[in-house]
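S.K.: Here it is, the structure in full.
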């Protein structure tokens, strides 16, 4: 008999019910649980799968370049970035009638197209690409990298090319190579690209392989580098009247510290960006030579951690035992990596709009909104994943003997204090913030808006003032016109920063008031509650007073049977599951706030946000309802328009979201009865009963139904808001 799916678990393969299929899919990537897995095969499988991941990423990015080159309007967009709509790709749909064809034929195209809201046009333009041929070249190169990645993945599964476990656990070598090779060399290479291709491109000089060695990016070449006159590279920067992509108003500097934004493109100065990447390259190239490998010099990670004992002896044994704990636990390493990546992704969201690096992207409002929202949601999923793998570490990999009285053990020892403090903070934030909002709602409902409780964010305004924002009148640090910091700032460092901070046309340090104070605390409530659920899930993963033997039941278990009351919903997986709802909720508030604040800024009516954001009805009526008008009227008996697809997606997103509750609210018994009735009917229906299946149909397990419900809730929620965001922004600003 042929091997049945799943081949990695013979026990599951022999299951006579449909559970075999769903559990097989659920555990396909849990290599640790597979039959006859060894530590060596585990590491090798994960290593090989990374190359597959890279191949997919390169193929996807290649596809972006290829479709824009083939079906887009990059060359005409380059000529007029502010008025031509960038096309992502063509749409072919047999359902389109003539009105639809006309509605979606935009951006100078000959047929229906999708408009690009990803910012890739601005990025490619900034880094020096100018023609469709450039895009095709990039697409081919990435396709080549994709093929190389696939070959590398296959190669590293062959016996002669499989790395050993000791190679995977050589932390110092990995750190050195990742710091120097991955970050250092790539940052240096990127600096080279910016200096040799992008900066000349921004000054109207087209540099490619055929003239790459003939065009000096700086008139004196490398002379200032070797003579120690590095400051020459910053002299004669582009002027404030520089027209991007032309020589008009351009300078010769390549590495500057101007600060602020290019007046025409509203993006960071390319020469500042090149300088930044050079500094990053230098730091990481040095950092990549810090750890001891073949030559007996440098730090040993183990020695560093063993030596890190807090003074006074009141904090236990510090980091003793951590090296082996981390180095032998893939879940711990993954948890750390996801936590770092999650924070970085959220920082990307914050900085892409406040300090835009790509030419003209600040004036593409829909892309700005889409990119912010996209990166915040991605960050949320990655961060919750960090805690999930932290909890799995505690269940599968944590060894109490190896970690006696170190920081990990002490976290577990103090978990009641940690969890109760987080609980207290969440309760305080929740009751006070909601109390203020509801009080203000009631005052408006009773016709006495002057009785609202409005709190000025004095401390936050003071911090903004310290960084140079003068409108609050604090006269402190950089906003004090006669202070030494202010005077130094005008000449020595970042002279453009102060003018940028005080220019109301960008998103740097937006003016804040009582509405911002309230929504910041609502977001703080969401962050603390999400953290509470995640931290509790990880710290209670091994056991709690209620269920001391919890670790023996694994990461995800529904309950310990009917005989032991109160053990349902307390697995570490359940904590992750609940936290994702809170995470989505919190990021909802974050993106609502960002979007509404910016819509009013871009429309020039900031008073609408300031007046309506201090009470809940204001958010519901003046943000959600008012901005959804295009979606609830996207197509009607009188015809359709280019927003119709978003109106349809808005409805579809609601449908997916609502379907989630079907899985979340009704449990297994209901579905089992329904399935058995349907199977009975199927077997007695002519023609239909010719189709048979081997597996007995059974309802999803409790945990699986929750996962399916959560997936529908998350996807539907994001689809719905994405449609709302893009339609409401593009409907106003194009």
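Start at 1 and count along the chain as shown; that gives each residue its number.
Yeah, the Cβs are placed from backbone N, Cα and C, and that goes for glycine too.
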S.K.: In Swiss-Prot, which of 306-329, 330-353, 450-473 is tagged transmembrane segment?
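M.R.: Of 306-329, 330-353, 450-473, Swiss-Prot gives transmembrane segment for 330-353.
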S.K.: Which stretch does Swiss-Prot mark as transmembrane segment, out of 207-233, 234-260, 369-395?
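M.R.: Of the candidate stretches, Swiss-Prot labels 369-395 as transmembrane segment.
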S.K.: Kindly point out the range from 95-117, 417-439, 486-508 that Swiss-Prot annotates with transmembrane segment.
M.R.: 417-439
S.K.: Which stretch, out of 273-291, 539-557, 615-633, is listed as transmembrane segment by Swiss-Prot?
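M.R.: Range annotated as transmembrane segment by Swiss-Prot: 273-291.
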S.K.: Under Swiss-Prot, the annotation transmembrane segment belongs to which of these stretches: 686-706, 707-727?
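M.R.: Feature transmembrane segment in Swiss-Prot: residues 707-727.
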S.K.: Out of 175-199, 330-353, 417-439, 707-727, what stretch is closest in contact terms to the transmembrane segment (273-291), meaning most Cβ pairs under 8 angstroms?
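M.R.: Maximum Cβ contact count belongs to 175-199.
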S.K.: Using C-alpha atoms only, work out the spacing between residue 559 ([4Fe-4S] cluster binding site) and residue 654 (chlorophyll a B1 binding site) and round it to an integer in Å.
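M.R.: So the alpha carbons of residue 559 ([4Fe-4S] cluster binding site) and residue 654 (chlorophyll a B1 binding site) sit roughly 31 Å from each other.
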S.K.: Going by C-alpha positions, which of the binding-site residues (568, 654, 671) is nearest residue 662 (chlorophyll a B3 binding site)?
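M.R.: The smallest Cα gap between residue 662 (chlorophyll a B3 binding site) and any of the binding-site residues is with 671.
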S.K.: Between the transmembrane segment (369-395) and the transmembrane segment (575-596), are there three or more C-beta pairs closer than 8 Å, counting only pairs 6 or more apart along the chain?
M.R.: yes
S.K.: Count the CB pairs under 8 A between the transmembrane segment (575-596) and each of 135-158, 643-665, 707-727, then give me the winner.
M.R.: 707-727
S.K.: Is it the case that the transmembrane segment (135-158) and the transmembrane segment (175-199) have 3 or more CB pairs under 8 Å, with pairs at least 6 apart in sequence?
M.R.: no
S.K.: Which sequence positions outside the transmembrane segment (175-199), separated from its termini by at least 6 residues, show Cβ-Cβ distances below 8 Å to it?
M.R.: 126-128, 207, 212, 215, 217-218, 254-255, 270-271, 273-274, 277-278, 280-285, 287-291, 293, 301
